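In what follows, a single structure is set out as structure tokens and then discussed.
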Amino acid sequence: AAMYSGAAAGPPRRDFISVTLGPEDAIGVGGYNNSKARRRRSCWRGRATRGAKWKQLSRLQRSVILFLFAFLAVCGVISYTSMGEAWKSITNKSLDDQRTEQEIPRLKLANPAVLPAPQKADDNHGDYPELSLQKPPKLPHVHRGPSNLQIKAPQRDTRLKTRHDTMRAVDALVKVDKVEKTEKSIISWRGAVIEPDQSTEPPVSSKITEPEKPSSVEAEDQKEPVPINERQLAVIEAFRHAWKGYKDFAWGHDELKPLSKSYSEWFGLGLTLIDALDTMWILGLKEEFEEARKWVANDLVFDKNVDVNLFESTIRILGGLLSTYHLSRDSLFLEKAKDIGNRLMPAFKTPSKIPYSDVNIGRGTAHPPRWTSDSTVAEVTSIQLEFRELSRLTGDDKFQKAVDEVMKHVHTLSGKNDGLVPMFINTNSGQFTHLGVYTLGARADSYYEYLLKQWIQGGKKENELLEDYMRAIEGVKKHLLQRSEPKKLTFVGELAHGHFSAKMDHLVCFLPGTLALGAHNGLAADHMKLAETLIETCYQMYAQVETGLSPEIVHFNLHAQKGHKDVEIKPADRHNLLRPETVESLFYMYRFTGDKKYQDWGWEILQNFNRYTRVPTGGYTSINNVQNPSNPEPRDKMESFFLGETLKYMFLLFSDDIDLINLDKYIFNTEAHPLPIWVPA
């Protein structure tokens, strides 16, 4: 290139730059040349430089390039962060979806607190073909129930997958039900330790014994879980069959009449439903429980002109509501318990403070039976656990004062025989009547049971209760124990004006369990020995009968007679009402000894209930004749306690989980509704 300059006097100077392009540089000629030489020549040069390629670029070019690199780096970091979060979210969602697919619909397990099971002889499942279930697959261990009363969502830890796997396994087992063909899911869903959480309950009057703060259960959470077994599944199936009949033909009414597919009313308060609430919770039947809860919320009304029996409504309705409140922590049940508790209080407005037997819960009036001014001793002394607990929960001491006054009064009465009490007490005078007749059967039985259980409930501090209980057991040994022939079974008879009767009600079979509970709580060791002999007798009341079911009353042979068994049954006594007392005592005996024979005896009883009392369309019926296997003469009535007590105790008996209703933290009322022990043992 050349540059020319004109003369000073001539036209303005013009500068030119001449660029010569060779043929190889022309666009479209000779093709695209991407050689280093070509790229080097195509760079605009501000000044002549030689050497490294980077130095051939101008500052502007270098700055632009550096800026672009920095910009791309920043964009890369931002993109990586956002895409990483999105990917993490997608991955977590996928994992959650997988977990959700493993869960049983509408059923969540609470956190467990499980202790090792008692060990003894192997369980025998092969002796009872009539109610056989398929051999269950090996179940993964499952934790059942929370370690306190607060129902919490399960934590996402390594135990979660195990619980889901177990629920799937249990659901598969339920499909063996040949009668119901149910598709419902089953899992043991228990409300665990009933130590009240003080932060969630109203303050209690200083006059009422306060429960101590429960100890930590963190260690319990680490114990081995216990799976549901085959026999427990059989109980669940039996409950569902009974519940089906009640739901189909008697929903919201007191009791099912399964043969006529109808119902009977006693108080008109849904007794069967309320009695069964905590059983459904313990068995894990959440769907059924929620259905029943809706009925309680929407249809259970106590403001009605109806007479109710103080004792029966207390143990079944008040006890059932309080127990269900403790297990579920649902305030609905506590509010209903307060309502019925207040409506029962007029019964205590008597000259002697011994309550009347009947209360009109709508009008607020009370009265004795039409034929007498007496109340039965068992009824007025077997409402204490429930009213005391109602005071503790509400902070209103009127409930506990009323029932404690009854116990203090009975403690001072004359007319006892070495701690044994008569069956009747007058509401006007406050004195025992019909003196000289002593029994542990009807009208007196639960007086003895509640002496021990109140002492335990209150933290073993009320010595008068313990004294009366210990004296009464000595009175039983002295006056009521005899042995039968030929097997020399120890039984509890009756005493009438000095004459011994070898008559024993099935109701008396509560006693072995009560004795065992006392021994477990530190009472005399010979109480457990007596319990072991008496539970054998109660079992024989089933085993020596043609149907394998006990009659309501038996008479024992005191003298050996050829061809005669220990047990004799009179025609008027041979009915069976699906009662729970023997199964109740079997539960206590197995829980405290670990002897598998008690589970086997209970399994036999369950099978015989299924053989002779099960109604195909739903429900179970009491029968009139336990001595006739071909025609047991069904009575067309399913008592509420069959669901509230009998099947509940069956399920607990077959469990190897000693924390499934821990007997150091719960006390059962006489209708099998668990209530908290105020001070942990």
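Heads up, the Cβ atoms here are built off N, Cα and C, so glycines get one too.
Bear in mind that TrEMBL entries carry predicted annotations, made automatically and left uncurated.
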Partner cysteine of C509 (disulphide bond, per TrEMBL) from C75, C538
C538
Expected hit for region 'Disordered' in TrEMBL across 24-65, 108-149 is 108-149
Listing them in sequence order, which of the recorded positions E312, D445, C509, C538, E552 have their Cα within 10 Å of that of E581 (active site)?
C509, C538
Here the active-site residues are E312, D445, E552, and the Cα closest to that of C538 (disulfide bond) is found at E552
Spatially speaking, which of the recorded positions E312, D445, C509 is closest to E552 (active site, proton donor)? Use C-alpha to C-alpha, please.
C509
Write out the long-range same-chain contacts of E312 (active site, proton donor), meaning residues 6 or more apart in sequence whose Cβ is under 8 Å from its Cβ.
W266, F267
Distance, D445 (active site) to C509 (disulfide bond) (CA atoms, angstrom)
10
Candidate with sparsest Cβ neighbourhood (10 Å radius) among D445, E552, E581, the listed active-site residues
E552
